[in-house]
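Below is one structure, written out as structure tokens; the observations come after it.
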């Protein structure tokens, strides 16, 4: 496995320079673009890494999975009264569909859906951002996971579109807490800094029927774990989820920090990171690396 991961990174490295680092969040615009790492974590506890797998980066929308897991953990099926689990086919920050569907987001991985989930968590936790940080520390086994407050503040200063979505949902009665407070919590979650190793370990429970191997916790039921993997497969890469399913064939979740996590149910969780994005906001080199890994090992849910 180690040799294969190194070989794949060497093969995809020439793609660096063809994408573009996220620049609509000023604090992310200065990320060194030629970094590349991958980590594979098995249900047997074995870890395989290559490249910059231990370098922390901003996880951004990957955090939406953790928020969803928290909400399901304390509220169960009730959350689906406020949002759906269908693909949107629209950009992740679209307002048009949200207006047309009367303030009920299509799924928890577009921004509007993630804001509803954060609103649900805001009603549950006294300090939602700290609760999230502590949760991912447990999942990853890394007590050093932190929030990059500079990134969180930068996102808050450029919050107009997310605020518009939240106020639009509030106008339809689907947002219950103070919008600015929820936005603060949301951006703090997005600004968590984790490495490929951290994320591969943190997603291990989704490859293991909801059981976290290194903490010994049953995070979700097997049924709930299957459901989250299904939503990741249909909606985890914004409006490029179909292309990812076609090329990689695994449940996945991306973030504009350049990370992509993928799950091989019953076997492995994987995280790849390369900061340059394609036009859909997903790591250009990261998708290719996962495609090659899936092809050469024969991993696919299809």
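Glycine is treated like the rest: Cβ placed from N, Cα and C.
Feature list (source: Swiss-Prot):
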BINDING   61, 111, 155, 162, 186, 238, 256  substrate binding site
Measure the Cβ-based neighbour count of residue 186 (substrate binding site), defined as the other Cβ atoms within 10 Å of its Cβ. 30
Would you work out the biggest C-alpha to C-alpha distance among 61, 111, 155, 162, 186, 238, 256, the residues that bind substrate according to the record, and give it in angstrom as a whole number? 19
Which secondary structure state does DSSP assign to residue 238 (substrate binding site), in the simple three-class scheme? helix
Looking only at Cβ atoms, how many others are within 10 Å of the one on residue 256 (substrate binding site)? 24
For residue 61 (substrate binding site), just count the other CB atoms lying within 10 A of its CB, please. 24
Cβ-Cβ distance under 8 Å to residue 162 (substrate binding site), same chain, at least six residues away: 93, 111, 115, 183, 186
According to DSSP, residue 256 (substrate binding site) sits in coil
